[in-house]
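Asks: Positions annotated as domain 'UDP-N-acetylglucosamine 2-epimerase' by TrEMBL: 50-388. If you look up TrEMBL, you'll see Asp531 marked as active site. Under the heading Zn(2+) binding site, TrEMBL lists His583, Cys593, Cys595, Cys600.
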Amino acid sequence: MQRCRETMERKNTAEINQCKRKVRVCVATCNRADYSKLAPIMFGIKNNPEEFELEVVVLGSHLIDDYGNTFRMIEQDDFDIGSKLHTIVRGEDEAAMVESVGLALVKLPDVLQRLSPDILVIHGDRFDALALATAAALMNIRILHVEGGEVSGTIDDSIRHAITKLAHYHACCTRRAEQHLIAMCEDHSRILLAGCPSYDKLLSNNHRDDYMDIIRSWLGDKVQESDYIVALQHPVTTDIQNSIKIYGLMLDALISFNKKTLILFPNIDAGSKEMVRVMRKKGIEQHPNFKAVKHIPFDHFIQLVSHAGCMIGNSSCGVREAGAFGTPVINLGSRQTGRETGENVLHVRDADTQDKIYHSLELQFGKRYPCSKIYGDGNAVPRILKFLRTIDLNEPLQKTFCFPSVKECISQDIDHILETQSALAVDLGGTNLRVAIVGMRGKIVKKYTQPNPKTFEARMQLMLKMCADATRDAVSLNCRILGVGVSTGGRVNPQEGVVLHSTKLIQEWSSVDLRTPLSDALHLPVWVDNDGNCAALAEKKFGHGKGVENFVTVITGTGIGGGIIQNNELIHGTTFCAAELGHIIVSLDGPECSCGSRGCIEAYASGNALQREAKRLHDEDLLKVEGLNIKQAEPITAIHLINAARLGNNSADAVLNKASTALGMGIVNILHIVNPTLVILSGVLASYYHAPVQRIISERALQSAQNIKVLTSELEEPALLGAASMVLDYTTRRLL
């Protein structure tokens, strides 16, 4: 009995877990067109009963006799319809569309409350779908929107994008649509590039042996393959009168073209009633060359489009599904403007004459084009089902948006009007500690300088005091401090605001958390990066790099450093040592570098390296040259070396030539690795190195890189301006 009881408990537990794993998915369909896209998904859900429970809601034109009572095909596909909602207010004008949305919003809450779905699947861009999305969003039901992100050029665009903003998940058809969704601030992790679900069916069913039987059942026994036309034109709700005019011209052109034509009634949008009147006035329903129908089952429609001599009108089917068969298409008017199309589509945007439409029929009829799979590869449904399985029903329902970069925040509050938005910039150099108040456009409002203490405690204490003083002064200077940016030598983790390893110029400055003490003391956000990266950021915001997507900044000062901007972003690297440009090795047995290696650019071309060589020449009495006066107690610097070379000292010139070559070769290596648009030389030696570096690039770089420009920075305070830019651009940078 005990074993039996345990067995039953295990069985019950398994059944409970199985029930918990089921996701209740409600698919809502409004018309014949969206059902062709939703049906494959519905079959996929129905075929996985152990994972999903399917509920079907039918509304809109499905339930109207004039549009074929197309709900019957849903029943013929053996789906149980949970609810039928009569939501269409007849009139086929703008007011009727609005009233239909309102009627749907009145009826939907009871249905959604009764069905209580975990996820509601909605397709496309119809006004009925907008009502569904609005109701579900307000009732805290998760929404999966199919075929969002596309562009078509009518009010459908606005409705489609409105549904996108209400939906929580997105299954789009093309890469461009995916990019549009991302540009609309949707979370990339909730976007699935699935392809069009209807392609799953049409790509597998378009080669039926009985296709001629299907074609002749609609167009008569005498019709031949590729010798008939399929016509489907809908009203454009933002330009109703012009779309009615184009419809009449299309019918006249088709009558004159004298080919068998299958013409479908327009959809239920505003203007459709007038289009039907035009069709009947021209006697299309009685014309021997025409067969006018309200609805065709999708299986048959695939065969008719696939083997047609041409398709004409403004239906999305022409620019989407027809491309999969290579069927020639004539797209009339503006309804599909912006849609991605294959080469099978001939656009007649300004279809203002019968002759123009007739000529397009002559050009397209009977042609065959390569098959296009822009909108799908036949595997959309498996992807969507897999996507549904990954949805965590326990995650927060509230959507979050990924807003794009904004160049400058120009608010209109009283603070902005009365104060200058500013940053507190800190530059930790080997000699001095500097703090500055920097305005939005790079103006240094006030600067503070003190000798940099040698110990960690004294340095932190002085930095906090100088920042506090600057913050107090900012009030009287009418500056509103937005945050603090710190530029420091060494390797920095900008994500944590920690100095990992410092240069030898700054003692006791490794594994130092700068962000926390500054933020705690000043109650401001704090950003930290190394001086080379800050120089690159300064150029990006205020200097030669403004508006340039890819460039490199090289600092030529006491040491050699720099920063790399790639695709408008600063490159840090996995362990935050990217752009250590001074430590690119240009010689295997060169002089020793401060990093412990040999042959680095810094060991040849830095201010320290030039000073070392100047002292050597002076000690060997080789620095003398007419016109160069060096006092006995005067310290020897790199400037003496440069002046000696300019006055004709061959030894000094040889040292500088070797330094220039080392720097130039290092920059050539950079060009061959990241291929920037621009190289910016910054620092006290930049003006001297400019011409030699440009010459070496033209001589030694690959041909495609020889014309890359080298410019000398015009910024006087790149470290401070770069530190400030981290603050001023904090809303647009994704690094922190």
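Numbers here mean position along the shown chain, with the first residue as 1.
Note that Cβ sites are derived from N, Cα and C of the backbone, with glycine treated the same way.
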Asks: Using other CB atoms within 10 angstroms as the count, which residue among the binding-site residues Cys593, Cys595, Cys600 scores least?
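Replies: It is Cys595 that, of the binding-site residues Cys593, Cys595, Cys600, has the fewest other Cβ atoms within 10 Å.
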Asks: Which site among Asp531, His583 has the most other CB atoms no more than 10 Å from its CB, taking these as recorded positions?
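Replies: When each Cβ's neighbours within 10 Å are tallied, Asp531 leads.
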Asks: Cβ within 8 Å of the Zn(2+) site centroid (His583, Cys593, Cys595, Cys600 excluded): which residues?
Replies: Gly582, Ile585, Ser594, Gly596, Ser597, Ile601, Glu602, Ala603
Asks: For the C-alpha pair, I'd like the distance in angstrom between Cys600 (Zn(2+) binding site) and the residue listed as 'active site', rounded off.
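Replies: The Cα atom of Cys600 (Zn(2+) binding site) is 19 Å away from the Cα atom of the residue listed as 'active site'.
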Asks: Sorry to bug you, but what's the C-alpha spacing from Asp531 (active site) to His583 (Zn(2+) binding site), rounded to the closest Å?
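Replies: Checking the Cα atoms of His583 (Zn(2+) binding site) and Asp531 (active site) gives a distance of 15 Å.
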Asks: To the nearest Å, how far is the Cα of Cys593 (Zn(2+) binding site) from the Cα of Asp531 (active site)?
Replies: 19
Asks: Give me the CA-CA distance between Cys595 (Zn(2+) binding site) and the residue listed as 'active site', in Å, as a whole number.
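Replies: Each residue's Cα considered, Cys595 (Zn(2+) binding site) and the residue listed as 'active site' end up 17 Å apart.
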